[in-house]
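Have a look at the structure below before the remarks.
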Amino acid sequence: MTTTVDDALEHGGEFHFFQKQMFFLLSLLSVAFTPIYVGIVFLGFTPDHRCRSPGVAELSLRCGWSPAEELNYTVPGPGPVGEASPRQCRRYEVDWNQSALSCVDPLASLDTNRSRLPLGPCRDGWLYETPGSSIVTEFNLVCANSWMLDLFQSSVNVGFFIGSMSIGYIADRFGRKRCLLTTILINAASGVLMAISPTYTWMLIFRLIQGLVSKAGWLIGFILITEFVGRSYRRTVGIFYQAAFTVGLLVLAGVAYALPHWRWLQFTVTLPNFCFLLYYWCIPESPRWLISQNKNAEAMRIFKHIAKKNGKSLPASLQRLRLEEETGKKLNPSFLDLVRTPQIRKHTLILMYNWFTSSVLYQGLIMHMGLAGDNIYLEFFYSALVEFPAAFMVILTIDRIGRRYPWAASNIVAGAACLASGFIPGDLQWLRIIVSCLGRMGITMAYEIVCLVNAELYPTFIRNLGVHVCSSMCDIGGIITPFLVYRLTNIWLELPLMVFAVVGLVAGGLVLLLPETKGKALPETIEEAENMQRPRKNKEKMIYLQVQKLDIPLN
């Protein structure tokens with residue numbers, strides 16, 4: 001008897017003890033991925049800083065100045081709007097060791113107008129107002145070197161892009177389990193090596209390697225858990241696997257608060273990856289992959305193990321398994337299939353833009369919070385909490401209201417929140433936090449819905465290709481976002497929010513051009529995908545009338 005994998009899971013248990021155990025273990029991978037995806041907020045924290053001027057500390061000690069008096073007497077004031085602050089990147093070209101300087105306004109003896117005193121670069125480094133450390137304070141990634149912080153975060157997204165584009169082939173060629181364990185080992189080793197890197201260059205290299213394997217490992221975990229559960233549980237399990245990432249955000253905020261030094265923080269968040277190597281004995285290979293490799297006997301052994309764990313038994317007649325995809329004619333997908341016909345071309349362009357938008361707004365809002373927040377740890381924690389209701393709202397709305405309207409609304413809410421945040425006065429911090437949380441909730445919902453809808457808009461033979469190509473824009477957005485956030489804040493602190501607002505509002509409008517997929521079968525052919533927006537009622541009515549006519553008895 002030949003049976004599909006989903007039929008076998010119905011007998012052995014679709015979501016029982018075995019699947020719950022696998023979900024818990026694999027969700028830990030999603031939790032551990034968080035520090036790599038958004039760890040820049042704490043690893044690359046940029047505190048207030050000023051140029052180090054030789055002799056100032058001694059003069060301040062001799063004169064008994066308070067910290068505020070030392071700043072007032074020896075550091076340039078704020079510069080014009082739109083330029084880097086001289087307080088952070090320039091210093092007075094003054095010999096502070098000369099004895100002629102008085103303790104009361106020492107620069108007055110050189111020139112009564114401070115604006116005429118010459119300014120120079122920070123030749124002797126910087127002083128940072130922070131009790132801890134970050135890669136910024138250790139490697140002086142400020143002023144002329146501030147672009148190196150952008151490059152650090154962009155490098156991990158370059159790794160995400162390359163890794164996620166190649167992982168489909170690697171996992172299909174060598175197996176999910178072997179590929180997962182390899183990415184875990186490389187991720188753990190490169191994370192530790194990054195924590196002990198002596199130079200910026202070595203740190204950048206190991207961060208790039210982490211990017212290459214970490215998102216790939218996260219995706220394999222997602223593939224595995226959706227292949228272990230029955231058809232009716234895949235969507236819910238996928239959403240909660242992403243929600244485990246939110247748990248990682250909460251944990252990261254607490255660990256970063258307890259460990260304000262970046263090397264200890266990096267080392268601590270990397271260590272759990274070594275524990276994941278124990279999955280070699282805990283997680284079996286995907287039976288779906290084994291069947292695709294004609295390893296039916298091994299797949300049957302795993303199904304018997306699943307059934308035993310779930311307290312069920314497989315029917316004795318079940319001897320041969322096949323994949324649902326085996327039926328039908330095999331077609332070779334091509335990149336041109338994504339843009340050849342008008343409706344699929346429209347779907348592809350809108351989906352690519354929405355993946356790009358989700359990444360830019362999600363990462364951008366987190367990075368901007370690190371620059372603009374008063375208490376980075378609390379605000380990071382609060383904004384992470386709103387991702388839980390976002391996940392539940394997705395589950396509650398997509399099967400009741402549909403995909404399109406909640407998706408469009410979430411993008412519009414995110415864009416509107418960014419626009420409003422830019423004009424909220426600084427003394428209304430509570431209102432700013434509420435609006436920021438709404439924006440974060442909106443873009444989290446949009447991120448989770450695009451993951452779902454992407455697969456529903458493509459016909460079977462190009463579905464995987466469509467998902468991989470469109471979602472690659474997510475990593476392109478991640479490469480651009482650090483430069484967008486950190487450069488534009490030098491012009492105006494709220495300017496990135498204005499850009500995010502436009503991007504989000506446009507994304508919400510474009511979503512309304514897509515067809516609704518709620519309650520519709522997945523398209524099997526290009527023709528079905530092209531006709532998704534056309535009503536089928538007339539066709540169904542016509543078929544019904546023909547049947548009725550044939551049932552009329554002849555006289």
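Glycine is treated like the rest: Cβ placed from N, Cα and C.
Caution: TrEMBL annotation is automatic and unverified by curators.
Remote same-chain partners of the transmembrane segment (23-45), defined as residues 6 or more beyond its termini with a Cβ less than 8 Å from a stretch Cβ, comprise 130, 134-136, 141, 149, 152-153, 156, 184, 187, 191, 210-211, 214-215, 217-218, 221-222, 224-225, 229, 237, 240-242, 244-245, 247-249, 251-252, 256, 262, 265-266, 269-270, 272-273, 276, 279, 282-283, 363, 366-367, 369-370, 376, 380, 482. If you look up TrEMBL, you'll see 23-45 (among others) marked as transmembrane segment.
Annotation source TrEMBL lists domain 'Major facilitator superfamily (MFS) profile' at 97-519.
Tertiary proximity for the transmembrane segment (151-171) is limited to same-chain residues at least six positions away from its ends with a CB under 8 Å from its CB atoms, namely 36, 40, 44, 135, 141, 179, 203-204, 207-216, 219-220, 223, 289, 367, 464, 468, 471-472, 474-476, 478-483. For 151-171 (among others), the entry in TrEMBL reads transmembrane segment.
Residues annotated as transmembrane segment in TrEMBL: 178-196 (among others). Cβ atoms under 8 Å from those of the transmembrane segment (178-196) belong to residues 29, 36, 167, 170-171, 202-203, 206-207, 209-210, 212-214, 216-217, 220-221, 224, 263-264, 266-267, 269-271, 273-274, 276-277, 279-280, 283, 285 of the same chain, restricted to positions at least 6 beyond its ends.
Positions annotated as transmembrane segment by TrEMBL: 202-225 (among others).
What TrEMBL lists as transmembrane segment is 237-258 (among others). Long-range contacts of the transmembrane segment (237-258) within the same chain: residues 15, 19, 23, 26-28, 30-35, 37-39, 42, 221-222, 225-226, 229, 265, 268-269, 377, 380-381, 384-385, 387-388, 391, 394-395, 444, 447-448, 451-452, each at least 6 residues beyond the stretch ends and with a Cβ under 8 Å from a Cβ of the stretch.
Per TrEMBL, the feature transmembrane segment maps to 264-283 (among others). If one looks beyond the transmembrane segment (264-283) by at least 6 residues along the same chain, the residues whose Cβ comes under 8 Å of a Cβ in the stretch are 22, 25-26, 28-29, 32, 35, 39, 42-43, 177, 180-181, 184-185, 187-188, 191-192, 194-195, 224, 252, 255-256.
Per TrEMBL, the feature transmembrane segment maps to 350-370 (among others).
According to TrEMBL, the transmembrane segment annotation covers 376-398 (among others).
Sequence-distant contacts of the transmembrane segment (405-424) (same chain, at least 6 residues past either end, Cβ-Cβ under 8 Å): 354, 357, 361, 365, 393-394, 397-398, 431-432, 435-436, 438-446, 449-450, 453, 494, 497-498, 500-509, 511-512. Sequence annotations record features per position, and here TrEMBL assigns transmembrane segment to 405-424 (among others).
Sequence-distant contacts of the transmembrane segment (430-453) (same chain, six or more residues past either end, CB-CB distance under 8 Å): 235, 238-239, 242, 246, 351, 354-355, 357-358, 361-362, 365, 369, 379, 382-383, 385-387, 389-391, 393-394, 398, 403, 406-407, 409-415, 417-418, 420-421, 424, 471, 504, 507, 514, 517. The annotation transmembrane segment is assigned in TrEMBL to 430-453 (among others).
Among residues of the same chain six or more beyond the transmembrane segment (465-485), those with a C-beta under 8 A of the stretch's C-beta atoms are 40, 147, 149-154, 156-158, 160-161, 164-165, 168, 215, 333, 335, 337-338, 348, 351-353, 355-360, 363-364, 367-368, 371, 451, 454-455, 457-458, 496, 499. Marked as transmembrane segment by TrEMBL: 465-485 (among others).
Annotated transmembrane segment per TrEMBL: 491-514 (among others), in sequence order.
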Contacting positions for the transmembrane segment (491-514) when only residues 6+ beyond its ends and CB under 8 Å are counted: 81-82, 346-347, 350, 353-354, 357-358, 360-361, 364-365, 368, 371-372, 404, 407-412, 414-416, 418-419, 421-423, 442-443, 446, 453, 457, 484-485
